[in-house]
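Note sheet for the following structure.
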Amino acid sequence: MDGLPGRALGAACLLLLVAGWLGPEAWGSPTPPPSPAAPPPPPPPGAPGGSQDTCTSCGGGGGGFRRPEELGRVDGDFLEAVKRHILSRLQLRGRPNITHAVPKAAMVTALRKLHAGKVREDGRVEIPHLDGHASPGADGQERVSEIISFAETDGLASSRVRLYFFVSNEGNQNLFVVQASLWLYLKLLPYVLEKGSRRKVRVKVYFQEQGHGDRWNVVEKKVDLKRSGWHTFPITEAIQALFERGERRLNLDVQCDSCQELAVVPVFVDPGEESHRPFVVVQARLGDSRHRIRKRGLECDGRTSLCCRQQFFIDFRLIGWNDWIIAPTGYYGNYCEGSCPAYLAGVPGSASSFHTAVVNQYRMRGLNPGPVNSCCIPTKLSSMSMLYFDDEYNIVKRDVPNMIVEECGCA
């Protein structure tokens, strides 16, 4: 019984190391390869940066960790670890299979309308706040995702046009739809109007009512047209009902009263009008009740061997994922390295848990709770905004949690 607390605390240290950063995917392998954001295995005792206070569960003594910048190039194991981490954060089983791209004109139009972004000459997208750094307000309780889905059509049904969209609900999470809109372009053809008159039409958008698959609800909007342009129609109720049914396909029937008489043409799915293809924008919220305690952490500057944060940039082009990740072009994932001597218990931000503080207080008093050593691990993680294609060719914009290591500490 005397050894039980030590063994229990030792197990807690190991569990905290593995589960605290890598997440559930780490349990599939007893010795997962290091990732840029995960704490790398420390050097063996006696090597630079090594310490007898280093947690043995952090990496063992068989050869030191080679930093990415020391490799000259990133090896295959390192790349695979980075890929697994990104996919797990996006809740994807594998990279989306992009066999045919969304028409560039349609994508550019949607991005300009929603994000004031721009497309560079080399085809890359630049959007403010999607630069690979932490998202503004990333530590808040709410995370908002934005999903853009482009229309397909089943053709004409009586006086209505059937549009359908495949809308991802972000890994079947319990999302609450904050706002959802259909964007529809109305084009004016040459038409002789009486002096002082305008073209006024009524657009109706029909969607399936929740709980009644054979019943349709309708959103109506009177549109006063001066020129060709985009118009939005609220469909929040339709998207929320879709998510609650656990479905992905959204069917919308669009009808425009008086359009034909007034030479107004709603643009649907026309190969000659790709830049005006209809699209749906969904803003959804997922609450997060977790609170983080802000701590200060050390930055690795080449002059310290203590636990610190090492910056490291991950380039999506380097790993061959720039075809489905639209923005950013890469991000600072960072990782933790360094030793954790017992006296760090008194340094602000170095003790990352109550468990660590208790163990170190035992040590400072000359007591031995068991063979427990501290590990240098991430103590603060932040979200990052990403814009990417999913398997249904939706453009998804979301704040992805736990992507960037902000601070490191000992546990």
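Keep in mind that glycine also has a Cβ here, set from the backbone N, Cα and C atoms.
What Swiss-Prot lists as compositional bias 'Pro residues' is 30-47.
In sequence order, C308, R309, Q310, Q311, E337, G338 are the residues of the chain that are 6 or more apart from C300 (disulfide bond) and have a CB within less than 8 Å of its CB. Annotation comment: Swiss-Prot describes C300-C308 (among others) as disulfide bond, evidence class similarity to another entry.
DSSP gives C376 (disulfide bond) a strand state. Residues annotated as disulfide bond in Swiss-Prot: C307-C376 (among others).
Under the heading disulfide bond, Swiss-Prot lists C336-C408 (among others), citing similarity to another entry as support. Secondary structure from DSSP puts C408 (disulfide bond) in a beta strand.
Around C410 (disulfide bond), a 10 Å sphere centred on its CB holds 31 further CB atoms from the protein chains shown. Taken from Swiss-Prot, the feature disulfide bond covers C340-C410 (among others), and the record attributes it to similarity to another entry.
Residues or ranges marked as N-linked glycosylation site by Swiss-Prot: N97. Just so you know, the Cβ of N97 (N-linked glycosylation site) picks up 8 other Cβ atoms within 10 Å once every protein chain is counted. In the three-state DSSP assignment, the secondary structure recorded for N97 (N-linked glycosylation site) is coil.
Residues or ranges marked as region 'Disordered' by Swiss-Prot: 28-69.
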Considering only the disulfide-bonded residues C307, C376, C408, which fall within 10 Å of C340 (disulfide bond) when distances are taken between Cα atoms?
C307, C376
Which of these disulfide-bonded residues has the least crowded Cβ, counting other Cβ atoms within 10 Å: C307, C340, C376?
C340
Can you figure out which of C307, C336, C376, C408, C410 (the disulfide-bonded residues) comes closest in space to N97 (N-linked glycosylation site), comparing Cα atoms?
C336
Fewest other Cβ within 10 angstroms of its own Cβ, chosen from the disulfide-bonded residues C308, C336, C408:
C308
